[in-house]
C-alpha cells in the first residue's frame, strides 16, 4: 500500500471517529502520522490536515489534542516554507499574501493548513501566465494585454476553489471564518458564516462578549448532527434560524441566544412558533381562537331561512345564528351556513 493510500485510509478513519464522537484509537493513528514523511502534495491530495483538525476540535483526550496540534503546526510550517524569494513569481506571491492579510479578522490566527492548497492551485496558473507573457513579448506587442486579462480572470476565479469559504451575502460580515471553525464542506461553511452574520445583525452583540463565529458553528453542528446531511431540509432549517435571528421585530430571540438564555442546541431545534415574537404569538392565538369559534358554531338550533343567498351555489336554503362576539354595545355577528353546499360566511 502506497503512502498516499495509507494517509487516505487514516483520514477516513479519523473522520468516522469524529462523526461517531468516539475517538478511541485516534492516538495510535496520530502517532503513525507523526512518523510519516509528509510532503505538500500529500497534504493537498489526502486532505489529512482537515481530518486531524476535526479530531483536535472534538476530542477530549489532552494527549490526542496535543499531538494533533503538533502535527498541524509541523504541516503548516511545511506549507509556508516553500516560495520563490525573488523574481516575478515572488512579487505575485507577496501581493497575494497582502490581500489575504487584508481579509483576515483581527481576533484570530490561522492554525490549520487549510488555505495553502488554494495558493498551490494558483501557482501553476501563475507559471503558465508568466511563460506565455514572455513568449508573447518576443512575438507581438499586442499579446501581453491579452495575457494580462487572462491572468486577471484567473485571479478573480481563484476564490471559488473548494478550500476557500464562500463569499457571504451579508454586508455586516466582511471577514472570513477562522480555520478552526471550517468543516471542509462548502455548504456547511457558508451556513456557519451566515448564522454568524445573523448573530451580528446589531452592534449590541459586542456587549455580550461572545464569539459569534464559535456560537454559529455550534448551532450549525447541532443541526447537522440531527439531520446528517446538507439537503433541502437542512438548508430550510438554517434559513429559518437566520431569518428569525435577523428579524428587527423580534430582537429578544437574538439577545437570548447571545446571553445564553437559549442554548445553541435549543435554537437549532426550535419551531417557527417557538421562535416567534410575543406580538406575533398573540396575533396567531387570536386568529386561532376566532377560527375555532367560527367552526364550533352549532349546526342545529339555527334558524332556517331563504333570506340569504349562497355566493357559491346561488341557493337560498340557509341556516343562520347570531352571536355576540364583541362588546355589548356592538351589533351581533350573524353566522350563516348553506344547507346545500356547506359554505359558511358571517357579517355584522
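Positions of Cβ are set from backbone N, Cα and C atoms, glycine also.
The candidates are 81, 140; Swiss-Prot tags 140 with the feature phosphoserine. Under DSSP, residues within the zinc finger (306-346) fall into helix, strand and coil as 0 helix, 15 strand, 26 coil. With a 10 A radius on its CB, residue 313 (Zn(2+) binding site) counts 13 other CB atoms from all the protein chains. Sequence-distant contacts (6 or more apart, same chain, Cβ under 8 Å) of residue 341 (Zn(2+) binding site) comprise 310, 312, 313, 315.
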